[in-house]
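J.: What TrEMBL records for this protein is below:
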type     : residues  : note
TRANSMEM : B:105-124 : transmembrane segment
TRANSMEM : B:136-154 : transmembrane segment
TRANSMEM : B:160-176 : transmembrane segment
TRANSMEM : B:183-207 : transmembrane segment
TRANSMEM : B:219-242 : transmembrane segment
TRANSMEM : B:263-284 : transmembrane segment
TRANSMEM : B:315-333 : transmembrane segment
TRANSMEM : B:345-363 : transmembrane segment
TRANSMEM : B:387-404 : transmembrane segment
TRANSMEM : B:411-431 : transmembrane segment
TRANSMEM : B:457-481 : transmembrane segment
TRANSMEM : B:493-514 : transmembrane segment
Amino acid sequence: MGNKKERKVIIVDQNDNNPWWWLVNKGLGASFLCISLFALLVRLAVSLHPYSGAGNPPKFGDFEAQRHWMEITINLPVKEWYRNSTANDLSYWGLDYPPLTAYQSYVHGIFLKSFLPESVSLFTSRGYESYLGKLLMRWTVLSSDVLVFLPAVFYFVISYSASRPHRHKSEIAWLMAMILLNPCLILIDHGHFQFNCISLGLTIGAVAAIISSRELVACALFTLALSHKQMSAYFAPAFFSHLLGRCLRRRNPFLEVSKLALIVMGTFALVWWPYLHSKEAFLEVLARLAPFERGIYEDYVANFWCTTSVLIKWKKLFNTSSLKLISLAATLSTCLPSMIQQIKDPSNKGFLYALLNSSFSFYLFSFQVHEKSILLPLLPASLLALEEPLVFRWLIHFGLFSMFPLLCRDQLVLAYIALFSLFYLLFYAPRKKDSGKIRSFFTLKLLITTLLVFCSFVLHIVYLAMNPPKRYPFLFEAIIMLVSFTQFVWLALYTNKKQWMLQKQSTWVEKEKKLL
Amino acid sequence: MEKQKQKPSKPIKEILWFSLFSTSIKLLLLPSYRSTDFEVHRNWLATTHSLPLSHWYSDTTSQWTLDYPPFFAYFELFLSFIAAQIDPAIVNLHEGLNYKADSVIYFQRITVIVSDLILHYAIYRITRNLDSTKRRLIWILVIWSPALLIVDHMHFQYNGFLLGFLLISISALIEGRDLMGGFFFAVLLCFKHLFAVAAPVYFVYLLRHYCRGGLFKGFGRLLLMGLAVVVVFVAAFWPFVYHNQMLQVIHRMFPFGRGLCHAFWAPNFWVFYIMADKLLAFFLRRMGFNVQRPAGSFTSGLVGDSSPFAVLPQITPLVTFIMVLLAISPCLFKAWKNPQPRKVARWITYAYSCGFLFGWHVHEKATLHFLIPLAINAVDSINDARHYFLLSIVSCYSLFPLLFETREYPIKVTLLLLHCVLMWFGFSSYFSGETTTNSNKHLQKKNYEDISDKGKLGVGVGVGWLCKSYLLGLVAVEIWGQFLHTLFFGNKLPFLPLMLVSVYSALGIMYSWIWQLKWIILSS
């Protein structure tokens, strides 16, 4: 019986005149191979472009920060990595990510040292820039992407397609392309220069493990993600509530929870081992990870605090410690609904929505958010691309838009344009004629969407071509921020509603089943 | 039935998608390395912009003198007006020398990207009536061709739109619109005369296919065709004849002083000839004969006047000319006997392969001249697909030395790998699924069984052990050149890796030539 079904699928495939059947009929592995090779090509091409702070002393940019960490980690003993000393001036790009980042810098530092020792020598390599240096640094990101992000996405796609057998192969291939060719991630990692692919890859791995019901693996992977970049905490509420919800449905909830807790503690202990011998050492690292002194927001990030600061001067009204509490309360209260939903009714689909919602609330309301943090909501949105194509498209559009000033500063405008168009082309790739997958959730508001897209288009040009009025030098940044913020809020409200509707739908279906 | 159903799909939308998609990638590749060809073309922009027409072909301000036919010069003149708007320094003959600001690089790269639209139109024109999968596969082979990306968009040249003219001409011939085909070929020749290798094929084919239908009508048509070609040539060359520059133009266009081989040997027949000469000289010396060492050496990469052979007879341009003509003759014979429009594309590509293999001072980039038009026939049969699979990998690989910097290394490798994978999946799906696409509903039951035979699906395009081991050898040559050579020899014999690449690729290209020759002789 099963065989017959498969055969039918193949026939339907070709009769439907699917433009990609020749690629997808070879199976998931084949399409993954093609798409990931293409994704690698795009990353390689983007890495030809400038990085942040190129030729811009004295502080340079993120590129120099990462290089500096390599320099510090290979030249100093582990215990001094996070400690201010004569050899380690923390005010100059001090290490402010958890230990896994430091280990990764160490490994990459060794790699650099073996080819180009002067690029990571202590003190003398500050601000080191050269053709080969850039190349080797670029390759460290590329290799991390290939070793962590690609396998994680493959794992996710396999478990996703196993849990949704009705999905067509070409739809799955499209999903792969959407996740792997996320323009924001590529621009930040391979253009601007960061290692988000590692922590996001680990998170995708954890999500895939949850979908394929391997909770213990998921816990370990997510803990690793947290120990690579503390920003992964944006997803923590979703993981916590989903796993709790699952455990509560088991025969022995307490045992299940403690098993997971044990794994989490164990992984943490392993990664943080060098800093666990004394309370001071541990707190020293923690203090580096939470730079509260940098204020509630920086630059022009499209979140609540920064946008409303146009009207309400938060920094003047409250001191830092009370702002900390206010932002914490705001963040937690906004992600509470989605957490409750997952505890009440944990499901794979709901979990993906919960990831999106909790990362949205962190992006919009938490303390010290950077514009690059939009990558975190983008990750679950890309995983949901088949369910919510329009949400994904909208988020990519305005996510990219909100980073436009940053990428302009990095001289990545060309790569930005190319990746923007590449994304839209892939999104609207030729597909089977009858697949009306993309439903408009704005049906009646088509006018507004086109208006907004047009508006962002005009703003791009204005930002590039015009000088802002002297009285408001950051006027355009502020407008971009405002537009993006309204869209993010709108999307967050929509996805929250969607997550709650899921439960109603499923209970409704269940009731129907019972009646039948 | 199925085929009829597939036709109404909108190829225009799709070709636009393919075209824009490749454009985004080309934009991303903009900052890749700056080859000397940038300065060549910048100098041509400056020459045509700031000098009167009578001096274009005699100016020697820069060493990169204008050596393409007039249409290309007019094309540069046209571009130079835009360039002057963007940055006047680009078109300044003296102060612009070696000008390498972002403005000139971006401008030049973007002109290549835009001019590629002609190629995209041509490939659309040639494939618009094919069935949809075949069409898409051909688009992938041409529009996403790694060889074109490497030569045009990373190394920098204008092959895309020239090949576009060639393809428009071929598609006109296939449709039976011979006059238009001849006209576009003449236009192409006035852009780049290296394409003239296929002229004998065009001549014979048009004479036999177009100029027929009795003495009177035939002669009339011959006159008409002659008129079309003459009009094109007059449009191109008349201003130079008027200024008494014709000899100078011809002298520039045919610089026979350049020697048999380019600095990097194109993988053609002469590679074997040189190798044979070297080996013979070596053994004869061993046996006590007194063999004089030639004055210039091929291995030093010298672009000299003569072709220095120690033992074997010297090669002159005339010899290569006769050899090319001899090699083309079987297809001329076939075209004379039975001029069929559906075979003309193969004859033309075969002529270009001959020109590549036996020609004088051939560039490795000239593989594009037959690689791209061959794509039209690459999906005709499973054997065609096998042949194209091998040929396109070899010729793309032989272009690798063009991009010698470390930064572009992973890009060219990924491009080639992606191309291999796409071809492999495309061809094997197409040929194992062909039965289904062609079937009608009565036969479907039988086809279920065909398809469920997984083994067949997997080895749709089995390429045979010889081809497989040859391709593996390619990997070995690459690994040797990149890593092992310096490990074993250090800095000694620096020419050896490149020599290996061209000798080894030459084997593959020779095979392709023999395969094409066999096809032409055996096909009826």
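Just so you know, glycine gets a Cβ as well, placed from its N, Cα and C.
What TrEMBL says about a protein is an automatic prediction, not a curated fact.
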J.: Tell me if the transmembrane segment (B:183-207) touches the transmembrane segment (B:493-514). I count contact as 3 or more CB pairs below 8 A, with pairs 6 or more residues apart.
T.: no
J.: Do the transmembrane segment (B:183-207) and the transmembrane segment (B:263-284) come close, with at least three CB pairs under 8 A (pairs 6 or more apart in sequence)?
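T.: No, the transmembrane segment (B:183-207) does not contact the transmembrane segment (B:263-284).
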J.: Quick one: do the transmembrane segment (B:345-363) and the transmembrane segment (B:263-284) reach 3+ CB pairs under 8 Å, ignoring pairs fewer than 6 apart in sequence?
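T.: In this chain the transmembrane segment (B:345-363) contacts the transmembrane segment (B:263-284) - 3 or more Cβ pairs sit under 8 Å.
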J.: Honestly, do the transmembrane segment (B:136-154) and the transmembrane segment (B:387-404) touch, with at least three Cβ pairs under 8 Å and pairs 6 or more apart in sequence?
T.: yes
J.: Check the transmembrane segment (B:263-284) against each of B:105-124, B:160-176, B:219-242, B:387-404 and return whichever range has the most CB pairs under 8 Å.
T.: B:387-404
J.: Should anything in the same chain at least six residues away from the transmembrane segment (B:387-404) have a Cβ under 8 Å from its Cβ atoms, list it; otherwise answer none.
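T.: Distal contacts: 32-33, 35, 141, 145-147, 150-151, 154-155, 264, 266-267, 364-365, 367-368, 371, 374-375, 378, 411-412, 415-416, 419-420, 423-424, 427, 461, 463, 467, 470-471, 474, 478, 498, 501-502, 505, 508-509, 511-512, 515-516.
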J.: Mind checking which residues of the chain, 6+ beyond the ends of the transmembrane segment (B:105-124), have their Cβ under 8 Å from one of its Cβ atoms?
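T.: Long-range Cβ neighbours of the transmembrane segment (B:105-124): 11-12, 15, 18-19, 22-23, 26-27, 30, 34, 38, 41-42, 79, 82-83, 86-87, 90, 138-139, 142-143, 152-153, 156-158, 160-161, 163-168, 171.
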